[in-house]
Ligand SMILES: [K+]
Ligand SMILES: [K+]
């Protein structure tokens, strides 16, 4: 609910003449506000050139409230789950969060906010080293601050139409931006766990799965993108050989919800595009600013498949067994998420018969995963198409969380009908 | 295992010079045998013109063994499940099958075989009324018999390169063929249940869900195909107005595993194509000759989503509650099936960079669902591409069944590690 209010308020502010050069249509302002609050980053107007400084500040505040606000909302949710999980569940959730009582809630929110501001400030200073000399003091500082906030919150909003393509081969910018959005995308439970236990072996299973999954996905995607795109003249092939690994790395990690790009997304060949669609669907960590099914869900499904193929009764990893409830919940998250994103994508295809299928599917998954990568068609969409994207961004942002919450709710057993088996598969 | 032997034997027979005009490459013979045994119907050589009568008979025998053989294998599987389900499960499975003891097994297999032959004979006679006058006695009778067997087994093999397009608007051919493959696709548990209880209200939940799901999918798809294709000059638009509903009906029900076509599949617009891909993924009834996730699985997922959105503890339909195990198993079937088909499709895209994405995705889902519809690229595939399709047909045919079997197996609880929760979604 608070999200809807925030979007409406943001849309009104962006609609004001003071926010843009020449004024926005209300639908443009609404789309921009929705994209900012859901930290997606899809745009119908160019943030850097069409919005004034005031408009850009509005976007940044919306990103912060949408991103950080969601993290604290997630904290609330998880705390609520802890209370409702029953005794055994409470113990496990508490362990997962290193929390001793719901009274620590406020402390937790403060810690999250403090961590966010610290990392954003650090990122701003590091990037200012590059951008202040290039653009002058105030301009360079604003550019650095805007991108640091946008990166840590995985918002994907940039100030240039071609995102960060000008620095495709710049080591420092690549490192700082990807570090910010990868850390921001781990999720606060993992961050808190890392704060407490510095050694990997001391972490809880959720943190281990999220961290190892993040590493596997990032490295695997890096290798595949280099393999697919090395010679492609529209993407890596246009860069000096030494810069290609940097651009491939950026392309490999940005789909997991960040949404910046350093090479032309529309220039990628089909296999890379499909890989990126999968990565966008997976997203990053639970309780982060990421949408999608989440890395931990993906890892649980991989583990369950492995244990199934090996004929083992339950999946296990890192000398811990994954509870079967978790496997079932993971499957439900995948199936419900797929139903949402496929329905939305189908409507996009029906509403936009003139646009390419691959571009529309990409756009739909990008919106649902609140990623913000685009093959360049966002601005060409009709009003119904834009509305589908807004609904996808919103449900993508809220859906999985609400779903996880609801599935964890103890079910009132008031079965009135006789239970019966149905053959499936 | 027996499937692999059957495919190898069939490939050798089709490879013989006596089977074809001018001889087949071994890979062509293997692909044809695999397609026939898995009752898919994708072809790299035209069955009607490239194969001799002997070759066509080999294909028909393979279809019958693959189709009917699978149905009896399915019977064995379900019986085995009944034994392993434990007391409560046994009761439910027995009820679902109207079986009183595993000793009735042989009777059941006989009943299935008898039903198949009866319906195939009936279909042959009805279609011969049309085709004997058109083609002469022996030619017309063979044509009728071949199509009746192919239809009831949902094999999709035809004797003309354009399948049944010549009879796109013929009421009798449309009715007989679609009736044969819809009834053949219900699955033998439903057929046996129907034989016993003639009234809908007396059927078990599995039969009710399969029948209502089949009706909903068929009517829904019929309306959507008419909506999307009515004016399309490549499909319905080329037919007289009175014939269009017939062709739309055929197009709407064939993706659920039959695989014949009366309009040009490659001429369908994108929304229809996506709808057909979904229908191919769903397939028809459990324990039928269909692959895909099955209608009952689809219905369970719809019911679970509804109960989730309404905040109800468990899905229910027709005054019966669906067991939660079933919901979880349905989700697992969907997730594992998706992983298989998406991996295969991704490999197709990598191996065939010159072909269209939509065509490849369509071909991958058609193979996995053992449907046999094609947008015309089967013959253009490279050898690696053909091998991917063969693996997809085989896993599509065997996978879900083996999966259902394995998931229903009581899990040996030999948990050595501590259980831990993981946040998903
Ligand atoms: K984003
Ligand atoms: K078929």
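The backbone N, Cα and C atoms fix where each Cβ goes, and this holds for glycine too.
Those TrEMBL annotations? Automatic predictions, nothing curated.
Taken from TrEMBL, the feature transmembrane segment covers B:60-87 (among others).
For B:108-132 (among others), the entry in TrEMBL reads transmembrane segment. Long-range Cβ contacts of the transmembrane segment (B:108-132) within its own chain (Cβ-Cβ under 8 Å, at least 6 residues beyond either end) map to 68, 71-72, 75, 97, 99, 140-141, 143-145, 147-149, 151-153, 167, 170, 172-173, 176-177, 179-180, 183-184, 188, 191-192, 195.
Remote same-chain residues near the transmembrane segment (B:172-191) are listed as 67, 71, 74-75, 78, 96-97, 108, 112, 115-116, 119-120, 123, 126-127, 129-130, 147-148, 151-154, 164, 206-207, 210-211, 214, 218, 246, 249-250, 253-254, 256-258, 260, 262, 283-290 (criterion: CB distance under 8 Å, separation of at least six residues from the stretch ends). Taken from TrEMBL, the feature transmembrane segment applies to B:172-191 (among others).
Per TrEMBL, transmembrane segment is recorded for B:211-230 (among others).
Positions annotated as transmembrane segment by TrEMBL: B:265-284 (among others). Cβ atoms under 8 Å from those of the transmembrane segment (B:265-284) belong to residues 154, 182, 185-187, 214, 217, 221, 224-225, 228-229, 232, 234-235, 251-252, 255-257, 290-295, 297-298, 337, 341, 358-359, 361-362, 365-366, 368-369, 371, 373-376 of the same chain, restricted to positions at least 6 beyond its ends.
Residues or ranges marked as transmembrane segment by TrEMBL: B:291-310 (among others).
Residues or ranges marked as transmembrane segment in TrEMBL: B:330-350 (among others).
If you look up TrEMBL, you'll see B:389-408 (among others) marked as transmembrane segment.
Note on the transmembrane segment (B:330-350): residues 281, 292-294, 297, 300-301, 304, 357, 360-361, 363-365, 367-368, 384-385, 388-389, 391-392, 395-396, 399-400, 403-404, 407 of its chain, located 6 or more positions outside it, place their CB under 8 angstroms from a CB of the stretch.
Within the same chain, residues 38, 206, 209-210, 212-214, 217, 256-257, 280-285, 316-317, 322, 326-327, 330-331, 333-334, 337, 368-371, 396-397, 400 sit at least 6 positions outside the transmembrane segment (B:291-310) and bring their C-beta atoms closer than 8 Å to a C-beta of that stretch.
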